[in-house]
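Novice: Just passing along the structure, written as structure tokens.
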Amino acid sequence: MATILQNLPAGQKVGIAFSGGLDTSAALHWMKLKGALPYAYTANLGQPDEPDYDEIPRKALQYGAEKARLIDCRSQLAAEGIAALQSGAFHITTAGVTYFNTTPLGRAVTGTMLVSAMKDDDVNIWGDGSTFKGNDIERFYRYGLLTNPNLRIYKPWLDQLFIDELGGRAEMSAFMTQAGFGYKMSAEKAYSTDSNMLGATHEAKDLEHLNSGMKIVNPIMGVAFWKDEVEVKREEVTVRFEEGQPVALNGKTFSNTVELILEANRIGGRHGLGMSDQIENRIIEAKSRGIYEAPGLALLFIAYERLVTGIHNEDTIEQYRDNGRRLGRLLYQGRWFDPQAIMLRETAQRWVARAVTGEVTVELRRGNDYSILNTVSPNLTYKPERLSMEKVEDAPFSPLDRIGQLTMRNLDIVDTRDKLAIYTQAGLLSAGQGASPPQLKNDERK
């Protein structure tokens, strides 16, 4: 049986991930008129630009849905977001500024929870608004089939009949107006936005051109910190972690992770923290460009990484970061629940995050400009007395100890010099020209 349907399955239940926007509204009504039985499912992901979630299912019913459900995905999204933070599952960075994979995290939650809700209604055909050029078509495909092995996929934007009849936003708006819904297109923006409570993604249209910078974006989770007229005051923030879990902000304890993330968003958003401009490789290897917001995750990640570096040794940190980059790619590719991702994630949560207990105080300024003011943890292995430049009693090692340690280094120094001489004689290194120690040109080996 074909997994992907190229034509509308008339007379059958078809689930649609319904946002209430023009595209999914027109698609739902069109499917109804063509004889399908559309079921609408809307994910509440805490989108910062969504004013009224309850209105969305009501719209779906007006447009012809047999049933419309609002699925609260916020707790699951918060849990997955913290898991990503604990494992450092972020592989896209530019000059140290991070993209926190907020859209891939949202897709992992949406793809599994909506398809699970569809199964409850005996709906085994799923459609959504992703296009064939993007990442989401593959992410939703994977998560959908992982959740329901009997799932078949119908996407209006892969159906030539739909494209011929409603191929653009103007056509879809006219279609809805003629149907009596008086649907008005929103003002055309210079870019497209997708968001959840973890972060926002701005891309496409004018942002496809690299000479259009971040300044054309109107942030939805924080301030436009680059504008001189926007007042941004310095602010000190204290973040507390217990066994890898963020639990308090400025001394206020949160038992609900969703509420903590929302408060972190408010704090970070006042400064424009966590905004980044990234060029990335999509799953199909073509490059795309996005402007991202993630004020809350950025704040939490600053504190988390500070504690990680103060608590764990160098090899553990190296493994955490290497595995985090691998895990970030898997998350981006729609493989967050694959065995190899679970292995990497749970390793970090068990052996890195569980030791992360403490408080970090940060001074936030404009954008990603901040200073760490204090770090406190019962688990710190940072011991200033070990390396103090002042005279201390009961020093952990003496000058004689260091002489012995340095003398042992002679073994590998000699071996390294021999190897460099071999490379020089073989013509792999040019003696004295900066590629190797200049004194090798006087080496007497023949």
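Glycine too: its Cβ is placed from the backbone N, Cα and C atoms.
According to Swiss-Prot, the record shows the following:
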type: BINDING; residues: Ala17, Phe18, Ser19, Gly20, Gly21, Leu22, Asp23, Thr24, Ser25, Ala43, Gly129, Thr131, Asp136, Asp194; note: ATP binding site
type: BINDING; residues: Tyr99, Asn135, Arg139, Ser192, Thr201, Glu203, Glu280; note: L-citrulline binding site
type: BINDING; residues: Thr131, Asn135, Asp136; note: L-aspartate binding site
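Distances, neighbours, how buried they are, the whole picture for these features please.
Specialist: Reduced to three states, the DSSP call for Gly21 (ATP binding site) is coil.
According to DSSP, Arg139 (L-citrulline binding site) is assigned to a helical segment.
Thr131 (L-aspartate binding site) carries neither a helix nor a strand DSSP state and counts as coil. Long-range Cβ proximity for Thr131 (L-aspartate binding site), meaning a same-chain Cβ under 8 A and a gap of 6 or more residues, is found for Ile137, Trp157.
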Novice: Roughly how many Å lie between the Cα atoms of Ser25 (ATP binding site) and Tyr99 (L-citrulline binding site), rounded to a whole value?
Specialist: 31
Novice: Can you tell me how spread out the L-citrulline site is, meaning the largest CA to CA distance among Tyr99, Asn135, Arg139, Ser192, Thr201, Glu203, Glu280, in Å?
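Specialist: So the maximum pairwise Cα distance among the L-citrulline binders is 19 Å.
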Novice: Round to the nearest Å and give the CA-to-CA distance linking Arg139 (L-citrulline binding site) with Asp23 (ATP binding site).
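Specialist: Counting only the Cα atoms, the answer is 19 Å.
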Novice: With the L-aspartate site defined by Thr131, Asn135, Asp136, which remaining residues of that chain have Cβ atoms positioned within 8 Å of the Cβ centroid?
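Specialist: Near the L-aspartate site, the remaining chain residues are Ser130, Phe132, Lys133, Gly134, Ile137, Glu138, Arg139, Phe140.
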Novice: So for Asn135 (L-citrulline binding site), how many other CB atoms are inside 10 Å of its CB?
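Specialist: The answer is 19 other Cβ atoms.
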Novice: Can you tell me how far the Cα of Ser19 (ATP binding site) sits from the Cα of Tyr99 (L-citrulline binding site), in Å?
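Specialist: Given the Cα positions, Ser19 (ATP binding site) is 24 Å from Tyr99 (L-citrulline binding site).
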Novice: If you count the other Cβ atoms within 10 Å of each Cβ, which of the binding-site residues Asp23, Asp136, Glu280 comes out on top?
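Specialist: Compared across Asp23, Asp136, Glu280, the most Cβ atoms within 10 Å surround Asp136.
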